Amino acid sequence: MDRAVSQVALENDEREAKNTWRLVFRIAILLLTVVTLAISAAALAYSMEASTPSDLVGIPTAISRTEEKITSALGSNQDVVDRIYKQVALESPLALLNTESTIMNAITSLSYQINGAANSSGCGAPIHDPDYIGGIGKELIVDDASDVTSFYPSAFQEHLNFIPAPTTGSGCTRIPSFDMSATHYCYTHNVILSGCRDRSHSHQYLALGVLRTSATGRVFFSTLRSINLDDTQNRKSCSVSATPLGCDMLCSKVTETEEEDYNSAIPTSMVHGRLGFDGQYHEKDLDVTTLFEDWVANYPGVGGGSFIDNRVWFPVYGGLKPNSPSDTAQEGKYVIYKRYNDTCPDEQDYQIRMAKSSYKPGRFGGKRVQQAILSIKVSTSLGEDPVLTVPPNTVTLMGAEGRVLTVGTSHFFYQRGSSYFSPALLYPMTVSNKTATLHSPYTFNAFTRPGSVPCQASARCPNSCVTGVYTDPYPLVFYRNHTLRGVFGTMLDDEQARLNPVSAVFDSISRSRITRVSSSSTKAAYTTSTCFKVVKTNKTYCLSIAEISNTLFGEFRIVPLLVEILKDDGVREARSGRLSQLQEGWKDDIVSPIFCDAKNQTEYRRELESYAASWP
C-alpha cells in the first residue's frame, strides 16, 4: 500500500517538474519574442529617421547627376578618340599628300631645268618658303555650316610692292595678269610711255617670283627674275601662267585699233613666250592662219592661264568670220542668265531675240564675238601642239576677257561681264584630250561690275552691249564635297562708272562686310585676285592686283592689295541693284586714301565718270 502511494507521489512530482520547465520555456520564448519585437521596432524607427520621404524623392536627381558626369567623361574620351582619328586618318594623309604634291612639282620643275642646263640654258630652282606648302592652289576654307559671308577681308596690309609703277606723269601701266603655282608666281602688265590712250607702241613687263615669310612673320612677294620687253613688237592683252618651265605668256601683236581689227579679214597675230628660270625670254609666233582660220580678231583673255595635264590653258576671245564653219556652228545659239529675285519683265520672245543679238554687237560691225580656250603643250619647244576649244553659246555669253583657274582638283573659267549680265560668272571646266568643256556657271549676284545703260550694274534683261570691266572672283569657300560656296574679289561698286573699288567675300546672293580702297569717287579699273594660306599659322590671305587712279605719276598705278580673311558671326549685306547702303550692326573698314584727294570733288567726279566709262 505504501509502495503504491509512493509510486503515485513520485509520478505527481515528475508531472509538476515537467509543468514547471514548460512554463519556464514558454516565459523565455515570450521574453525573446518581446525583445525581438523591441529591437525590430527600434531598428524601424531608426530607419525611418534616416530615410525620409524627401530623401527618397531626391534619389533620381542624384542618379541623373551621376549619369551626366559619367556621360561627360565618356564624351570627353570620345572627342579625344575622334581627334586622334581625324589626325591619323584624315589630316596626316592630306598633309603628306600636299607635301608630296609640292615636292613632285618641285622635282618636275627641277627636271625641266636640268634638261635646260644640259642645253646650256643655266638656271636656278625657285620655290616658295616651306610655310606655304599645301597652301597654294588648294581649297582654302572647307566649311559646310558657316555662312559664307561670315568670312570677310581685313584692312589692307602693308607689304613689299613687287609691281613697278610709272615714273612720270605721262606714264601708264595697265592690264595686269597673275598666276601662281605650288612653286612660283608669274606676273605681267603693259607699259605705255605716252598715256593710256596711246595704242601705237608699248612695253611688256614680265616677272617671276616666290612667296616669302619675313623674320617677323609677314608675307611678301619676292621677284627673282624680270624682264621689260621693249622692242618693236606691240604686245597687248597678254595672259600669263606659271608652268614647270617658268612663266608662259600668250599675247596678241597689235598694229591697229580693236574696231579696225574686227573689220579686217585676217586673224590677229599671236605669240607664245616664256621667261625661264634663268631670266632669259624666248617667244614664238603661232600659226594663226591655221589655228584661227575662222577668226578675224583674236586676243588672249588678259586673266591668268593654268597648267593642267602637261599643257597650259589660256582664255581667248575675238570675232568670227561671218558664215565660217565656226560661225555657222553657233548660229541661233544663246543663253539667258537671270538675276537673283529680280526677273526681267520683257516678253520671253523679245528676251530671246535680244539675247541672240547680244553676240553680234554693232561696235564690231555685227561680227559674232566668241569665247574660246587655247591649250598648248608645255615643253622646251614653244607653241607646240596648240589646240583651240570653242564652247557653245548655249553655255557662254558673248566672248570677253577671262581667266582659267585651278583650285584643288577643280578647274574654273571666269568670263568678264562685257555683255548684259552684270554678276560675276565662274564656269566649272573639265579637260579631256587637249580640249576643255565649260558647264553651267556659278553666279554671284552681289559681285557686279559697272556698265553703260542698258547694261549697268543693276541690269536684268538681255541686251546688246560691249561694256563692263575685268574683275575676277577667286574660289575661296567650299563644301566638303568640293562644291564651290563662295569667292573673294575686288569689285567696282558703282552703277555705270569705274569707281569705288571694294573687296569682299561673296556667296551666290550677297556679300560680306567690305574693305574700301578709298573714297567712293576713287577711279579704278581691272582687278585680279588670288588667295593662299600660310600653313604654319593657318592664316588665309588674298591678293587683289588692282588698277587704281594715280594723278601724280601716271594715269593708273597697279597696286597689289593684300588682306587677311577673317571670320565673324555671319553678318551679311543684302543687295538688290547697287550695294552701297550700309546695314545696321557693322561698319566698313575704311582705309585712308592712298592717293591724292581732289579739291573739287563735284567736277572731279564728273570728269572721272566720263573718263572711266571710256575705257575698253
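Just so you know, glycine gets a Cβ as well, placed from its N, Cα and C.
As annotated by Swiss-Prot, topological domain 'Intravirion' applies to 1-26. The predicted model assigns the topological domain 'Intravirion' (1-26) a mean pLDDT of 66.
Among the features that Swiss-Prot reports, transmembrane segment is placed at 27-47, with the record citing sequence analysis.
The N-linked glycosylation site annotation in Swiss-Prot covers ASN119 (among others) and rests on sequence analysis.
Annotation source Swiss-Prot lists region 'Important for interaction with fusion/F protein' at 124-152.
Secondary structure from DSSP puts ASN341 (N-linked glycosylation site) in coil. According to Swiss-Prot, the feature N-linked glycosylation site maps to ASN341 (among others).
If you look up Swiss-Prot, you'll see ASN433 (among others) marked as N-linked glycosylation site. According to its DSSP assignment, ASN433 (N-linked glycosylation site) is coil.
When secondary structure is read from DSSP and collapsed to three states, ASN481 (N-linked glycosylation site) falls in the coil class. A 10 Å cutoff on Cβ-Cβ distances gives ASN481 (N-linked glycosylation site) a total of 7 other Cβ atoms nearby, all chains included. Swiss-Prot lists ASN481 (among others) with the feature N-linked glycosylation site, giving similarity to another entry as the kind of evidence.
Here Swiss-Prot flags ASN538 (among others) as N-linked glycosylation site, drawing on sequence analysis. In the three-state DSSP reading, ASN538 (N-linked glycosylation site) counts as coil.
The N-linked glycosylation site feature in Swiss-Prot is assigned to ASN600 (among others); the stated evidence is sequence analysis.
Checked against ASN433 (N-linked glycosylation site), the glycosylation sites ASN341, ASN481, ASN538 differ in C-alpha distance, with ASN481 being the nearest. Most other Cβ atoms within 10 A: among the glycosylation sites ASN341, ASN433, that distinction falls to ASN341. When DSSP labels each residue, the region 'Important for interaction with fusion/F protein' (124-152) comes out as 6 helix, 5 strand, 18 coil, counted as helix, strand and coil in that order. ASN481 (N-linked glycosylation site) sits 21 Å from ASN538 (N-linked glycosylation site), taking the C-alpha atoms as the reference points. A Cα-Cα distance of 37 Å separates ASN341 (N-linked glycosylation site) from ASN538 (N-linked glycosylation site).
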